[in-house]
Amino acid sequence: MGHKVLAIFFTLICAPGLYAVFLVPSKNPVAVGTNVTISVNDTGTITVGLWLFGPSTLFMWYQGNMIQGTSLQNGTEFNNSTYQLTLSSVTLRNSGLYVLEAFTPIKARAEMTLDVQEPVSNVTSFVNMTNLVEFNDTVTFTCNASGTPLWFSWQNRSSIVTAGGRVELRNGGRELFINGVMRYDEGPFKCLVENNISKVETNQTNLNISYGPSNLTVTALPEKEAYISGSDIFLSCSADSKPTASFYWMYNGIHLNVSGSSYNLRNTTQNISGQYACVAKNAVTLRSVAVIKNIKVVDPILSVTVNPAGSPVEGNAFNLSCNVVGPVDSIHWMKNGTYLGANDMITFFNNNSTLSFYRLGLSDDGLYQCAASNAVSNITSKAYNLMVNYGPWNTTMSGPIVGVVGQNVTFSCSADSHPPSRYSWFLNVTKVGEGPVLTRALSPDSGGRYTCMASNEITGSSSNVSLELTLIYPVSHVIVNAGNQQPVFNQPFTLTCTASGDVEHIQWMKNSMFLYPYNGITFSNNNSTLSFQSLNLNDDGNYQCEASNSVSHMTSPAYDLMVTYGPWNTEVAGPRMAEMGSNVTFRCSAVSRPHSQYSWFYNNLKVGDGPVFVKAALSLTSSGQYTCMAFNNITGGSSSASLELTVIEAIVKVDVTADPPFPLASQSLRLTCNVTGAYNRLHWLQNNQNFQPSDRVTFSADNTTVTIKALQPADNGRYQCVASNSVRQHFSQPYNLAVIFGPHSVQITVTNGIPPVLTCLAESQPPAVYHWILENNTVGNVSSIVLPIKSIFGGNYTCVAKNPWTNITLQASQVVNFFTPDPDAAVSVQASVMLTALLILLIPVLDEWL
């Protein structure tokens, strides 16, 4: 075996010349789980050769023999006649550099990088909301998927969505933003995800976009320049709207009590001529629009009305009469706009002028009209709204069954009834109240049966329900109250101490200290009242009274006296200059108790209420004087303050774009400042400091672009563009520059110990990934490894450092010998693929010798 190794070694060293060899994969990239064959171009016979995967040996053949490397993976096959390599059921671990080295009779080296990719899977998409308002709302679609690599795109109906205008694509196309949606953006939308080996699309998503009203029109039937006296004129209104718009009508600028898309003028007279306006409103978009129709009527003569006979009561008979002024040929009845015919529940009398109900039911509720016609006119009466009276039914009562003397108790009563029932309350047989809610302060004689009687004055019916209340008797309590008084600065004020039981003595306290008469404060003869001649702020405090007799005493809860005053010292805070399109907030304050109510005026026109006034979406016409008036509704006082606002044009957006997007060391980088809106000055910041030109940094004449030549790691930092106007500076989001480089200077250090530790470090951005090789075997995938104690003879350890962005790989070796007295004397660093191959060949020889 030793002779074979020596012969191969000399063959490798003495091989003459180089020969062109090429590797051709059957496919690249290749999907996970599939097979790929790497073929070799027609090179002739290779007597001695080597297949490598990265730094590891897969196969080596020489003089008719073949050796498999220790890092050979399952599913890897080698054809020793064609020299091709076949990989079955590949995984992501099969990605990497494959090298064929020929040593005799030709000397050549060929390599290729195989890219194994995962098919696209687990594709999902969602939208933040589907119900939107045209022009107002922004929608966000998000798409997620698994696989490597991934490219995202979006489709609206059959068209691919591209960024621009209202449409933004972010996060590599994973997110689709549509600003200010329009009615044509309803979709359907779907997300398409693909890579080199597959393509998947999501289910379709539709948006519900509310819009309008727009294209409002009003038509009149019949359409005439003028109408005969007594003519019926039907006005109808239509608009493009989603959801359907609601409508109401105005006559000569005055609101009519009419809603709906149609307005019928019955038995018209000349005095109804004028301008009829239809106003359409969308309840979702909150937009409205109006259009006017001019109507002219000459000599009207007829009218039709519907009158009830008595009150409509459930279960009773009821009649409606159609009263017509003028000659009539026929009368028809309608309910809710639909013509009525006789049936088991209704009939008609007196040439259809009377509509008679045999027995009213709740289903008879509705809008009833009668239409009277003759040879020249057809008139329908207005909305008689029949609402059947019924009840009371299902009367219920709620409240406590136990009460405490001296406290309040509340009972509630309800019943199904139209019109709403009237409620009367009784304690035993004595009437004690009216209304659906009864609240009583309990006394010792307040116990017993409480009864609620619900009655309907129209139907004449009533219904009762009762509840038994049991009393418990606590110790008497003491209360301080002020009645309906308000404590106002410089005004008189009185506090009264009330207590149940026999009271012999009353003592007043302020802030837990006994209170005695002094200038401005007096007590009544029995001390039950405390009087202030003229309140001042020093009178604020917690007031209590203690009532006592020979056997007991009780102190009232504190009455918190807070003297009301003001408003004084009214001030307005807010900006004096703002940008167009922005919002400004004015805040008004005044010294006042209770807090003042505030009203805002713009150039003497009232524009709002409250301590804060926000003026949104400023325009140039928003400039002017803003005045706040503070008012205290207790003291009746008021005070005003003003501020002058100037509005200028706005800077809408500032952002920074980089070219190229991935900054590599030694290359140039150009940063561009994109500003939307007018500005006075543009400058740049590096790490929050002013960025100045240098021998490698140049700025464009207008400062919109900055170019950094020959990038270095020292250039790393946060870069921002600042656009300024008269109001403020607008900062872009930071562009974080991290220059990509390395790896450089791979170094291995040995930490002495039992066992020793090897540590590998390299300069790299982003940080390098490491793996260790010992005798062509990977022995670690971290920067530090612990040497096993069984490796008594030591070995040559190789550290491989790789930058995943630059794809640069650098390696270093360290010879370790446990028996070396001086650890530093064992250090020997070298990098050699051929040495790795020779070590693999020597392993079987060492096995035989050992």
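Glycine too: its Cβ is placed from the backbone N, Cα and C atoms.
Whatever TrEMBL says is automated annotation, not expert-curated.
Taken straight from TrEMBL:
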- 1-20: signal peptide (SIGNAL)
- 119-208: domain 'Ig-like' (DOMAIN)
- 213-290: domain 'Ig-like' (DOMAIN)
- 300-389: domain 'Ig-like' (DOMAIN)
- 392-470: domain 'Ig-like' (DOMAIN)
- 474-564: domain 'Ig-like' (DOMAIN)
- 567-644: domain 'Ig-like' (DOMAIN)
- 666-732: domain 'Ig-like' (DOMAIN)
- 743-817: domain 'Ig-like' (DOMAIN)
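Confidence in the domain 'Ig-like' (392-470), given as mean pLDDT, stands at 91. Sorting each residue of the domain 'Ig-like' (567-644) by its DSSP state yields 3 helix, 50 strand, 25 coil.
In the domain 'Ig-like' (119-208), helix, strand and coil residues by DSSP number 3 helix, 50 strand, 37 coil. The DSSP breakdown of the domain 'Ig-like' (300-389) into helical (H, G, I), extended (E, B) and coil residues amounts to 3 helix, 47 strand, 40 coil. Here the domain 'Ig-like' (666-732) is broken down by DSSP into helix, strand and coil counts: 3 helix, 35 strand, 29 coil.
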